[in-house]
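Below is one structure, written out as C-alpha cells; comments come after it.
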Amino acid sequence: MADIPVALWLSSGLIAVASTSALILSIQRTYHHKNSTTEAGQDPSPIKYDDRRDLTVPFSDGDRIPRITLETIVLTILATYQFITIVQTANGKPEQTLDVLNAVFQLASWLYASVLVLVSRQYTLPNKWGWVLNIHLFIVYLFSFPSALFSFWNIVSSQTTISWVDALPSLLGVLFGLDLIFTTATIENGPPYLDENDKQVSRFNVASIWGFLTYGWITPLVKTANKNKTLTVDDIPSLTPEYRGRNLYYIFGSTRGRSLVYRIYRANRSGIALQISTAILASLTYYAPAYLTNRILNLIQNHSDGNGDKDIMTKGFLLVIALGITMVVLALLVGQQWFWSSSYLQIRIRAMLNIEIYRKTLRRIDQAVVSGDKKKDQDPETNKDKDKKDDDEKDVEDVSSNTGTIVNLMSTDSNRVSEFSIWWCSIFAAPTELSIGIFFLYQLLGKSCLFGLMVLIFTLPLNHYNSKRFVKVQDKLMESRDKRVGLMNEVLQGIRQIKFFAWESNWEKRIMEARNIELGHLRDVFMADVFFNLLWQGSPILVTIISFWSFTKIEGHELTAPIAFTAITVFNELRFALNILPETFTELLQALISIRRIQKYLDEPEINPPPPVDHTAPVRIGFQDATVAWKAASENTTAAMASQDGSDSGTHVESESFILRDLSIEFPPNELSLICGSTGSGKTLLMLSLLGESTLLQGQVMCPRTTVADTVSSEFKFDKDIPEEDWILERSVAYVSQTAWLQNASIRDNILFGLPHIEKRYKATLTACALDKDFTILEDGDLTEIGEKGITLSGGQKARVALARAVYSRAKIVLMDDVLSAVDAHTAKHLYEKCLLGPLMKSRTRVLITHHVKLCLNGSAYVAHIHNGRIDIIGSPADLRQTGELAIILEDEKEEEVYEKEEIEEIVAEDEAEAEESETAVQKKPKALVEDETRATGMVKWKLYKLYMSAEGGFFFWTVMVIFILGSRALEITETWWIKQWAQSYDSFALHQGLSTLFSGTPDARSTFSAASTTIMSVAETNFSTPSDFSVLSSDDKQTDYYLSIYILITMTSIIFGTGRFAVVFYGTLKASRKLYEQLLHRVLRAPLRFFDTTPVGRILNRFAKDFETVDSSVPNDMMYFCIQTLTVITVIITVTSVLPIFLIPMTIVAMVNYVYGSMFVQTSRELKRMDSVARSPIFSHFTETIVGVTTVRAFGATRQFLQEMLRLCDASTRPFFSVWTINRWVSVRFAILGASVNIFAGFIIIMSIGRMNAAVAGFCFTFILAYTDQMFWAIRRYTTLEMSFNAVERIVEFMEMEQEAPAFTDLKPPVNWPTQGKIEVQDLEVRYAADLDPVLKGLNFSVKPTEKIGVVGRTGSGKSTLALSFFRFVEASKGSIKIDNVNILHVGTEDLRGNLTIIPQDPTLFSGSIRSNMDPFDQFTDEAIFTALRRVHLLPSDNDDDIEVVGVNANVFKDLDTPVSEGGKNFSQGQRQLLCLARALLKRTKIVLMDEATASVDFRTDKAIQKTIATEFADCTILCIAHRLHTVIEYDRILVLDQGNIAEFDSPLQLITNPESSFYKMCRNSGEFESLVALAKEKHQLVDVDN
C-alpha cells in the first residue's frame, strides 16, 4: 500500500466519486420519473409547490453552460492526451502499470463529466433536473481538483527543466478546475419563487451550492436588520413549501391513526437521515485538525533536532493550508448538522404538532360541558382501590380539564418535543467520539485508562436514579404549571367578576399558592439539575484520578507532561460525549412525557360525523325515539334508565350526566318552533343534540350537519359573487348560542363571518336585529373593534350581533338558544316581529329556545315543553290551546297581546331615519380597539438586567455568586497548573506549553480541546523524548502520594465550586421568579378594565405561560454560561497579551472582525426573537377563541375557515422562528472560516519563522489563537442567547409598567359597616371610556333614598351597564360625583368600595371547582348558609318541598355542594349560572345591591319567585336593578329611564305607565304584556298610597 503513488490515490478517489454519482443519478432519475408519472395520474399529491418566479430579479444561465462545456471538453481532451502519452510511454512495462491505471481513472472521470455537461445543455437553469446535474458536476469537479493541483505541484517542484508546453496542461487543469468549481458552486437555481400571494419566497430553495453551505441566502435579511436597526414582517421572505402549514397538514395527516412517534419520523424521515449523516461525519472529521496540527509541530520539532526535511517549508505550507481547509470542511459539516436539526426538524415538528392539536380541537367533543362529572366514587374504599389507576391516567384528565391545560399542549409540550429533535442525533455521534477518545487514552495510559473508565459503571446507578427522579419531578412541574396556567386563564376570563366582588387580593393569594407549588417542583428540578452537574462534572475528574492513581501507583509509570496534559485534555473531551448521552436520555424522557400528553389528547373522543346525505329526500329536523346525554352513560346510569318504569321507583340513582329520554319530535320545515321549559330542564342539550354535540344513547337524530373540514388549500378564498336566488342553502345550519360567542374583530367581520359583503342583505340584517341605532352611537359604527369575546359590547348588543351572524348566513335552518333574554322588552318585540318573522327569516326553519312564550306564540307553528329530561307537552299552539296544555306553559289562561301598531311603526320609522342618517356620515378609518402587540427594538436595556439581578438577591448573594464563579475558574487553572508541577517533578525542564491547557476547560470550546491535546502531546513528546537525562527528583511513593493527594484535593474542591455556582444561581432564580410573578400578577389584577377590553387574553396568558417558563428555565442557565464564557475570554486575552505580545496584531484583527459579524448577528437575532415572541400570541388567542366557540364554529360549518386561519398564523410564526435558527448557522460558519483564516495566517508566520521558533512556542501559539477565536464565538453566542431569553423578561416588565386603576385603599377609610343607610346621590355625573371619546353618561342627576328599589331601563346601549360600572369605579367620572351615605366614592379605595357593594352582573361567571368553592371561594360561610341561599334562588326546593325527591337519572346536582363545576361553569345552563351568581350575592348581604339583568336567562316563573325573594331578603337594602323584563321592575319604587346617556324619566312605575307620553309607557305597550304590567303597578303602588 505504501508503494501506491499519491496520484493514484487521488484518481481512485475521483473514479469512486464519479461511480457513486452515476449510481445516485440513476436512482434520482427513477424517482423523478415516478413522481412525474404520479403527478400526471388520477391521484396527484396534495402537496403544493411554487411554480412562479420573481422575474424582476435578473437571472441568466447563458454564461454557465458554454463556460463549463468548453472547459470540461478541454480537460477531457487533455486527459485523453495524457492517457495516450502514458500508454505509449509505458509500452507494456510492468512498472508503468500504476501510471496507466491513474490515467484510465482520470480519463473515465472526465468522460463522465463530459456526458453530464452535454446532458445539462438540455436542462438550462432554472430547472429541477438541471440543478441536480449541476450538483453532480460540482462534486466531480471538486474531487478532480486535488489531482490537478498535485500534478501541477509535481511539475513546479521538479528539479528538471520542463517546457511551458509540457506544463500548460497541468496549469490549465488547475485554472479550469478552479473556474469549474467556482461556476457550478456560485450559480443559483434561477430567480426566487413567488408564493400564492405574490410575496417573494426565501432563497433557501434557489440558493447556490456555496450559498446553501454558508447560508448566504439569508445575508440580505441580516443587512436589512443592521441597516434599519429593526425588522418588519414584510422584511422576512415567505416560507419555502416544505415549511408551509398547508403542506405540513397533509404530510403529517397522511399517517393519522399511527403512533405519534412514528408519524413524526415518517413525516421528517429525509431530514432525520441528513441529520444523522452529518452528525456522524462531523464526529469522524472532528479530530482531523488536531492530527494536522500534530503533523506541523512534528515537522518543526524534527527541524529543531536537525532531522528536518529539505522541503520543510513546502510541506509546512501545505499542512497549514490543509489545516485551514479541514477546519472549514468541519465547520460546514457541523453547520449542516445543526441546520437540519434546528432549522428543519425542530421547526417542522413544532408546526406539525400545533396544527394537529388544533385540528383535533375542531373535532373533539367539547369537554367543558362534560367535565363537571365526578371523577371519583363517593365510597372511600373504592377510591383507595382506584388511586393507582387514577395516577396512571392522570394525563387524560390533565389534557381535557380546561382551556389553559390544552393551550399548554401547544405552548409547552409541542416545543419540548421539537427541541428534543435537535439533540437526539447525539445517540449516534457520541459513541463515535467516545471510541476515538478511548483509543487516544489507551495509547497514552494503557490499561490504566480502562480502570478509570470502569469507574463510570459505578456512576450509572446514580445517574439512573437521578434521571428517574428528574422525570418524576419534571412531570409534577408540568402538572402544576398546567394547573397554574389554567387557573390564570380562568382569572383572566372572569376578571370582571373578581373585580366586582373585590376578590383581587384573595385570588392573588390563591394563584400565588399555585405558583409556590410550581416553584417547589421547580426547586426539585433544580436540585436534580445540580446533582446532574455534580455527576457530569465529577465523573471525568474521578476517571482521571483513578487512571492516574493506577498509572503511577499500580503500574509504576512516571506521569510525564505529554501523558498528563494529553490525558486530561482527552478526558475533558470525553466529558462531552459522556455527558451528552445521559442528558439526551433525560431530554428523551421529558419529550416522551409530552408526546404521551399530546397522544392522549389526540386520542380523545370526537363528535360523530354526520350520516350520508340523500339529497333527494326532504330535510327533516327532530328526534325519533332518541335518548341523548352530554356523554355516554355508565352502567349505573343505563340500569337506572332501564328500571325507570319498574316497580322499584323509590331507588334513587344519580347520573353521571344529564340525560334527555324518549325524544320523538319533528320540527315543521319553514316555520318557527319554540322550545320552552324551566331553568335547567335540558333545553340547550336538546338543541345541541341536533348539532351532534352530545352523545346519542339510542334512537335517531335528524338534522343536516356539515362535516368538519379535513382539506385545506393555499388558495382558499370565499365566494365573492353569490346570486341572491342561490344564497340560502337547503342543508346549511346556523346556530346562536345562549352565551354569545364573538370573535376579536370588528362587528362587521363578526356578522359576515367570512361571507361576501352584500350591501342590501347586510343593511336588512342590521335593521332586523335592531343594530342600526347602536351604530349611530358607536364612533366607528359596524367597523368598531369589539375586543375579545365582544367584551366592549353590552349583553344585548352581543346577543344581537350573534343573531345577526345567523340571519345574514346562508343557512336554511337557524337554531337559536334564548336570544331574547339578553335584550329589553322593546328590542325583544322588534326582534320577534322584524327578525324572527321578518322577510329574511320567514322562509327558514327556525327553532327557538325561549322563556318569552307569550311574545312568540302567535307566529310559531310548533311548541315543545321540556320538564326534567322529558318532552311532556308538544304540538301546535292551536292544538295545545284546545287541550288546555297551553295554559300550563303560559301559567295564565289568557295571553296578553295588546300593543299599538302605530307606535311600533313610529319607532321603526324613527330607527330607519337614524339608520339613513348614519349612512351619510363621513367614513373614516376605524380605531383599533386591540392594537398590534408592541415589541422593543435595539439592545435589551440595562435596567432589565439590573431589575432581574436585584430580584435574584442583594449584595451578599452576588458576592457569594462572584466567589463561586471566580473560584471555579481559578480552581480549573490551579488543577492544570498542579499537573504541570507534578509532571515537572520528574523533569527539570519547564514546559511552557502546559500553560495552554489552563484555558481549555470551557464547556463550549470543543475544538480547542482537541487542538490543545494534540499540540501539547506532540510538543511534549519531542522535547522530552529522553526524560531520564533531566531527571532531578525520584519517583518514589511519597512523591507520588504528595502530588496525587493535592491533586485530589484541588479537583474535589473544583467540583464543589463548579456545582455550587449552579446551586447559587438556581437559588436566586427561584427568588426572582417568585418576585417577578408576584409583581406582574399584582399589576395585572389591578389593571383597569379597559386594559382587558383592549388586550387579548392570549397575549396576557403568553406572559404568564411561555415567558415565565423561559424566566424559570432558560434565563438562569444562560446567565451562568454567559458569565463563565466571558470570564474564559478575559483570561485568554490576559494570558496571550502578557506572554506573547507578538500576536497582539492578529488578535486585534480577529477581535474587530468578530465584533462586526457578532454585532450583525446580535442585532438580527434579537429582532427576530422579538418578532417570534409577538407572532406566538395570535396563535394562542385564536386557539383559545376556537376552544370556547367550537360548537358555533362546527354548527356554521366554518371549520375549514378556522383551520385555514390557524395555518396562516402558524406560517406567520414559523417565518421569524426559522430565521432565528438559521442566523445562528450563518454566524457560526463565518466565525469558523475566520478562525481557519487566522490559523492559516498564524501557521504561515510560524513556518516562515521556523529557524527562530521552536515547537513549544509554535504549539502555544496555535493553541491560543484557536482558543481565542473559538471562545470569542461562544461568548457572542452566549450573549445572544441571554438577550433572547431576556426578551421574556422584557415582555414581562412591559406589562408591569402598565397603567393601574385607583388604589385599593386610601387614607379615607369608610365608617365601619358602611354603607349603613344605602342613600345614593348622583350629581352631574359624566363618564367617558377614554379622554378622546364622547361621554357615555351625560350629566346625570338623581338621588335614591335608603332601602328604595330603583329599576333602570332603557334601550340597549343607553348607558345602563355603564352606570353600574360607575358605582364600582371601573370607569371614573370625568365630571360630577357619586355619594353613598354622604361619602364621595372617589375618595374611597376601590377594594373598600367594591367590598361594601354587591353586584349581580350581566354575564354570570363561574370558576372550575365545586359548587361550594364558587358560592364561598374563601370559606367565609357555613354549608347551611349556602343551602339556604340556593333555596332562595329556587335551585333547591324550599323546606316545604323537601319530601319531593326527583326519581331517575337527572337528580338535582345542587344538593351536593361538592358537585364539580367545569371551567366557566359550562356544565350548567346559562339560567343556572345566573341563579348561582344570585345566590352568591345573597350570601354577601351588603346595604346596596346592583342587579345587571341578573335573571335574564331564567324562566318567568322562577324570575317571579326570585323577585319575591329579593323583596323579602333585600327589604332593608337599596337596590338598583337593570332589567330587560319589565315584569322584573314593575313593582319597584321608582323607574329610571335612560336614553343615550341622559335621564329621560325618573318616577314611580304607576305614574309612568299611566302617562301615554312617557317612554316607559311605550316600552310597556310594546312588550305585549301591557295590561298585566298595569295591574301589577296598580296593585303595588295604589296599596302603597293607601298605606301612606
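Glycine residues also receive a Cβ, built from the backbone N, Cα and C atoms like all the rest.
What TrEMBL records for this protein:
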- 373-391: compositional bias 'Basic and acidic residues' (COMPBIAS)
- 641-893: domain 'ABC transporter' (DOMAIN)
- 1320-1565: domain 'ABC transporter' (DOMAIN)
- 373-399: region 'Disordered' (REGION)
- 6-27: transmembrane segment (TRANSMEM)
- 68-88: transmembrane segment (TRANSMEM)
- 100-119: transmembrane segment (TRANSMEM)
- 131-156: transmembrane segment (TRANSMEM)
- 162-182: transmembrane segment (TRANSMEM)
- 272-292: transmembrane segment (TRANSMEM)
- 312-334: transmembrane segment (TRANSMEM)
- 448-466: transmembrane segment (TRANSMEM)
- 947-967: transmembrane segment (TRANSMEM)
- 1042-1067: transmembrane segment (TRANSMEM)
- 1231-1250: transmembrane segment (TRANSMEM)
- 1256-1276: transmembrane segment (TRANSMEM)
Within-chain partners of the transmembrane segment (131-156) [C-beta distance under 8 Å, separation at least 6 from its ends]: 6-7, 10-11, 13-14, 17-18, 21, 24-25, 28, 32, 68, 106, 109-110, 112-113, 116-117, 119-120, 123, 125, 162, 166-167, 170-171, 173-174, 177-178, 180-181, 184-185, 187, 189, 209
Distal contacts, the transmembrane segment (1042-1067) - CB-CB under 8 A, six or more residues away: 523, 526, 529-530, 533-534, 537-538, 541, 544-545, 548-549, 552-553, 559, 952-953, 957, 960-961, 964-965, 967-968, 971-972, 974-975, 978-979, 981-982, 985, 1116, 1119-1120
Feature contact check the transmembrane segment (6-27) with the transmembrane segment (100-119), CB under 8 Å, 3 or more pairs: yes
For the transmembrane segment (312-334), distant same-chain residues with Cβ under 8 A (at least six beyond the ends): 157, 213-214, 278, 281-282, 285-286, 288-289, 292-293, 295-296, 299-300, 303, 1007, 1228-1229, 1232-1233, 1235-1237, 1239-1240, 1243-1244, 1247-1248, 1250
Surrounding residues of the transmembrane segment (68-88) on its own chain - C-beta under 8 Å, 6+ positions past either end: 96, 99-100, 102-104, 106-107, 109-111, 113-114, 117-118, 120-121, 137, 169, 172-173, 176-177, 179-180, 183-184
Whole-number mean of pLDDT values that fall within the domain 'ABC transporter' (1320-1565): 82
